[in-house]
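Working notes, beginning with the structure itself.
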Amino acid sequence: MSDLSHIRNFSIIAHIDHGKSTLADRFIQMCGGLSAREMEAQVLDSMDLERERGITIKAHSVTLHYKALDGKTYQLNFIDTPGHVDFTYEVSRSLAACEGALLVVDAGQGVEAQSVANCYTAIEQGLEVMPVLNKMDLPQADPDRVKDEIEKIIGIDATDAVACSAKSGMGVDEVLERLVHTIPAPVGEIDAPLQALIIDSWFDNYLGVVSLVRVRQGRVKKGDKILVKSTGKVHLVDSVGVFTPKHTQTADLKAGEVGFIIASIKDIHGAPVGDTLTLSSTPEVEMLAGFKKIQPQVYAGLFPVSSDDFEDFRDALQKLTLNDSSLQYMPESSDALGFGFRCGFLGMLHMEIIQERLEREYDLDLITTAPSVIYELELKTGETIVVDNPSKLPDVSSVTDFREPIVTATILVPQEHLGNVITLCIEKRGVQRDMQFLGSQVQVRYDMPMNEVVLDFFDRLKSTSRGYASLDYHFDRYQSANLVKLDVLINGDKVDALALIVHRDNAAYKGRALTEKMKELIPRQMFDVAIQAAIGGQIIARTTVKALRKNVLAKCYGGDVSRKKKLLEKQKAGKKRMKQVGNVEIPQEAFLAVLRLDS
């Protein structure tokens, strides 16, 4: 489609479970993207994990053709985005390729914190935001209250927001009709030199690197030689096309369009996300502003159960980082677990998803250590260092100041659950910044240690508010705190992979809770297993996993007591010898025991 005025690039912003993937299905159905036989629920959530958990993890793109009431046919390039707080970087990448966004809000639940955060990102990037009320067929739908919330909380006019039900299909045609008139057409010169932004890329074993691009200017077709600006390498284009949502090859991609380019790039990092593509004949084309590199918030060690899998594990991580640019990793070795990688994630859900993807897609068996955040330490020498692994902490005597990361958490919660949420925030060492009453909801802002937020705060917030509270958070600053390193000893030996950094006030409680939890998780051996928690040289908690014991006296009927004593002494000596040479198998659950201390 050569006329730019008939192209619309948009994405959907919505909180988890507000129905954006279902709305996407309706769009595809109405525009004839798939036949009735090929249609299935949540067509765009193609990863097994996405279907099982009912969430969108990766951004997906679809090109549809919609015949509007004015008789014109519009090309809609639609990019589906995730709604979970851990995947906000996927959202910002999708928004960079669009001119507008649909803000989909559940007409029963109202505005949630994550939609607010993503909506502000869209407005900052200069996008036209169009509100849509979904789930209007539900008995608890209250459109007037929700319109009021959109205006009060986000600050955009929602008086004429389109009402629809993605599930039943009611009002979806009206959404499409409003969309082509509200969202502006892209700008760009088709005859100018090629300038395309890479929004996403993934590795295909047969095709090499497949890049999803938004063409800003010019055009690209099969047989062109393209130049990747950051690497300076030239590649020959094998094919270009769009997703309808099937892989559909086209003659070319022009300014304003979103589609894929395959150029037999075999090097995994040959076309990084956020890079600019141009033709090799016009290397002077300027680079487009990419995306801000996202910094991991949570670090954890990942180790293969069998050391033979180490090379496969490294290859799998390389392929995954291409598809998920926020994942960072570096080699690490542990006395207890051997060789593995220290990986940086955006949050706990991100960590779980990555581990599951590695285990499923690459057939690996992995052990994960307890997650940790980044701490800042000031040493007596005057230098400042950052530590993301508790086992790498320097000796306490050389540290003058220990600083932990503080996040600003914004929580939206109905008034009746406010008390429970405030209690939870105080328990997590939160300091209240402000509170605003917005209709039936309350917006509270807290400064909280990131360590407390990333571990289990999200789950506990949901359970304490019966699922109604929603959370968004961002890093604010480092702040001095009274922190200590909690070591775990098994039979007198420190296990580096189990070390934690905790607040001194909570250390004794955490130590006791952790040793008790470990006692439940470590299987009984033929000898006693002592589990201790220590700060420095001081043991603050201890439990013992009792030995399994064979009854050696079973064959003695009556007889002399010295005979029984002899058998017991012999058993005791054997156990003692076994304890010296025996090693304790620690299951995966024990490494993550820290996450389940409160449950």
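Quick reminder: no glycine exception, Cβ is built from N, Cα and C everywhere.
Record features (Swiss-Prot):
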- D17, H18, G19, K20, S21, T22, N134, K135, M136, D137: GTP binding site (BINDING)
- 5-187: domain 'tr-type G' (DOMAIN)
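Following the DSSP three-state reduction, the secondary structure of G19 (GTP binding site) is coil.
Under DSSP, M136 (GTP binding site) is assigned to coil, being neither helix nor strand in the three-state scheme. Of all the binding-site residues listed here (G19, S21, M136), the one with the fewest other CB atoms within 10 A of its own CB is M136.
Its Cβ taken as reference, N134 (GTP binding site) is surrounded by 31 other Cβ atoms within 10 Å in the chains shown.
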